[in-house]
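**Q** Following this message is one structure expressed as structure tokens.
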Amino acid sequence: MTARFPAQPELAGHPYFQFRNNVLYAEDVPLDHLAERLGTPLYVYSRAALKAAWQAYHSAVGQRPVLVCYGMKANSNLAVLKEFARLGAGFDIVSGGELKRALAVGADPARIVFSGVGKQAWEMRDALAAGVKCFNVESEAELRLLSQVAQDMGARAPVSLRVNPDVDAQTHPYISTGLKENKFGIAIESALAVYRSAQALPALEIVGVDCHIGSQLTEIGPYLDALDKLLDLIDRLAQAGIAIRHLDLGGGLGIRYADETPPSPRALLDPVFERLQARGLGHLHLVLEPGRSLVGNAGVLLTTVQYLKHAEARNFAIVDAAMNDLLRPALYDAFHGVRPVHPRAGEATLYDIVGPVCESADWLARQRKLAIEAGDLLAVESAGAYSMAMASNYNTRPRAAEVMVDGDQYYVVRRRETLDDLLRGESTL
Ligand code: LLP
């Protein structure tokens, strides 16, 4: 990997994370201060970075009828959610738990869309009672259950069908969702028939068409291919007397982890609007569900080097963060930049950065050229999305604390878990 980056590339979270006098800062707060006061591993988010990422969508949308629903699975810390709610975001939720979080920060239910392939009856009930904007439904069986639940409540459920347009998003197979072999959505060839079934059910109201083709997309081609197929479907639905109010294009815009050059929201949306205009559908409301592109580069994970271990084939830097804190490298072979918070002069050595968990998959970065010593503080970049959100307690490791920096202030937005937290709720016979 290091060979691909002969020069130090700019920090992925630049300019919200940058070096000043040889110390890495989040906005105006030196990261070593945070580590001293709060310990490691520690997630650090930049409020200004969240705002800037939101602003990129906001300005690309302009005056057009687009609802941007933050795909909160990427990072559902209440402080992050509150920030987006304040900025005017809607939310894309995938569970009753995420609904509770959104409501806890005062989100407007009319700006919440409920996605997910396995919604349970209690989750449908909670979402109906709250008054969400739309259920993105993924199968006929789910349509029937939703209609039943709504009928029992004397309500009508607003629905979109999540259509699988069968396009190749050209991303990691685990995060590609728009192909025929994926579990997600309804095959586009069957969509018209399933819309007809939805129409025949008593307590549903058809409001939209939905898709989500994958995550960490770095090209707009797959989006536009999907868009064309969905617009054809919307035409066929209109001919069948089924009017659609909104088109949900899902999330998926990528971020720079290493040397990717993902399109900006504007680079994605301008051609989308052009196609809608060209097809006489300029009035159609759009929904977007971005997750990663709103938060991914707004966070780093701080970790301390515990030991250096020089083995025959490799050098290891054993750090105090692990796969339970950041699963992406183990699960997707994902690349995250790693920087010493206080870079040292001296000879750099190739290291694998690994955690203390008893798994060979417990690594955070491989073959990085670093000048480091035990006790040094490292920042793992691009850790704002799918990082703390996917953390676990494997090896009975308490989950890290999270802190949000705002200018020269910082706020602990999730305290570090204690060992007592971990044992609470368990009992012996
Ligand atoms: N909408 C739906 C229906 C989704 O399934 C997802 C993500 C999103 C929106 C947000 O997508 P984004 O804009 O963040 O790409 N854990 C993986 C990513 C899994 C994405 C799952 N779905 C990772 O760490 O790369």
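In case you wondered, yes, glycine gets a Cβ from its N, Cα and C as well.
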**Q** Do you know which of Tyr307, Tyr351, Tyr386 TrEMBL groups with Arg292, Arg328, Tyr332, Glu359 in the substrate site?
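**A** TrEMBL names Tyr386 for this substrate site.
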**Q** Say TrEMBL lists Glu289, Pro290, Gly291, Arg292, Tyr386 as binding pyridoxal 5'-phosphate: which of Gly252, Gly346, Gly425 is in the same site, per that record?
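**A** It is Gly252, as the record lists it for that site.
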**Q** Taking the Cβ of each of the binding-site residues and counting other Cβ atoms inside 10 Å, which one has the highest number: Tyr332, Tyr386?
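**A** Buried the deepest by this measure is Tyr386.
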**Q** In terms of Cα spacing, which of the recorded positions Lys73, Arg328, Tyr332, Cys358, Glu359 are within 10 angstroms of Gly291 (pyridoxal 5'-phosphate binding site)?
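**A** So the list is Lys73.
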**Q** What is the interatomic distance between the Cα atoms of Lys73 (N6-(pyridoxal phosphate)lysine) and Glu289 (pyridoxal 5'-phosphate binding site), given in whole Å?
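**A** Approximately 10 Å lies between the Cα of Lys73 (N6-(pyridoxal phosphate)lysine) and that of Glu289 (pyridoxal 5'-phosphate binding site).
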**Q** Can you tell me how far the Cα of Cys358 (active site, proton donor) sits from the Cα of Gly252 (pyridoxal 5'-phosphate binding site), in Å?
**A** 33
**Q** Starting from each candidate's C-beta and looking 10 angstroms out, tell me which of the binding-site residues Gly252, Pro290, Gly291 has the most other C-beta atoms.
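**A** When each Cβ's neighbours within 10 Å are tallied, Gly252 tops the list.
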**Q** Got a sec? Which of these recorded positions, Lys73, Arg292, Arg328, has the most Cβ atoms within 10 Å?
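**A** Top count of Cβ atoms within 10 Å goes to Arg292.
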**Q** Would you mind listing, in sequence order, the residues at least six apart from Glu359 (substrate binding site) in the same chain with a Cβ closer than 8 Å to its Cβ?
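**A** Same-chain residues close to Glu359 (substrate binding site) (Cβ under 8 Å, separated by 6 or more) are Met323, Ala330.
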